[in-house]
């Protein structure tokens, strides 16, 4: 091996012109190494990567022009991506604060800045600018199905059929996401010729290898909207042509993440109490109105029932959790005692009461749809790394459209009642807890999965108390010995298997909420 060195210099006389000068000429010195020395040198270079790098540069310049000593200019900074996208309003929105911008359904707007995931700065066609809720708009592209009235992103098969039967129009249709990822389903309502019976047919919209969409392979289309447009004029294999699109668009305003951007504290003078609608772990709950036009639920927190300072900080985090299957927290009132928690109002109240009051009237498909709603909300909390800690039918609420939403997520941590956090107390939700919680007080998303299995049992028993003839201590002993809840008579074996999978003794043996949602969706499509 030969090493080249440029560290030695010689002085030479320059005679090329009348003004002589002394220059330093770099002289390469070659050193021959033995085999042992060569191996030692390679080992040293591996131990000193900076040296090996230097040697590599020296070798590459051998016999060439000496590289410039000037450092290259740093690369120009990348321009931030342009956030200015065109959107279309899905709902009307009235400004709530001076910095808000009004939205009119179906109008186009330009997004100037995404302040956070839930509030964006926008400009209308008149040049007015302000903040808007991001869940009230969608990107205005032809390929974006959300701009079409007939498309429903978050809807179950049962909810679809209920909407179509309410309209009861020949050819009424809805397009929704299929249980098969990347495909869609058209649901069509039709009446029999004698007008005594009606039926709903479901057709899957598939995509072939060349990227074309179809229901039957005889009719291929480059996009889903073009497929829908064709079948609005031609049945072409469907039970009826697509006559009337059925949409939720604009009919039911979704809750916003807070009343405005970074507004978590609510002035109590802006609240009007209408009537008492119930009581919970923390105090009385009232139906109220915010600024006389937005219905809200107002929870008055009894003094001493909650660690208030800790909860106020947590409330700021909880407000950023926003999903169509979560009861939205709007803010808190802290200027007086008792403290008020202001949330989205749900017309049909507590799920547990809803089930008990309608016992014998609810179809199995609706019960499954309720479980899907809850599982969808819990899958969102799972993705957000947020633990509920007290998932049960009593902590879920039902909307006027029979959509079930999860309430009181995370609040169990701030209860100061010793009975609530003691496995021997009546208020502790032992009957919904897995072994690792009542033995070691260890919560995780998988402990929520156990509770979800018990909640499914509540739903399919139409509101029965789990382990109704056992005390909390007996429940702890029974669960520890491997005892599990029996199969409700309304639950087919496929449903009971899902429940039972949630009650694995080891958290690692339980499915995730994402996996549960996929299984429940597949079951719903076969009913």
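Cβ coordinates are placed from backbone N, Cα and C, and glycine is handled just like the others.
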For this session: According to Swiss-Prot, 277, 278, 279, 280, 281, 282, 283, 284, 285 bind ATP; identify which of 263, 299 is listed for that same site.
Result: 299
Exercise. Per Swiss-Prot, which of 58-81, 82-105, 106-129 is region 'Disordered'?
Worked result: 58-81
For this session: Scan 261, 420, 443 for the residue that Swiss-Prot records as phosphotyrosine.
Result: 420
Exercise. Since the record lists 277, 285 as binding-site residues, which of them has the fewest other Cβ atoms within 10 Å of its Cβ?
Worked result: 277
Problem set entry | Nearest-integer angstrom distance between the alpha carbons (Cα) of residue 285 (ATP binding site) and residue 91 (phosphotyrosine) | 29
Seminar exercise, completed: Here the binding-site residues are 279, 281; the one whose Cβ sees the most other Cβ atoms within 10 Å is 281
Exercise. What whole-number distance in angstrom separates the two most remote CA atoms of the ATP-binding residues 277, 278, 279, 280, 281, 282, 283, 284, 285, 299?
Worked result: 14
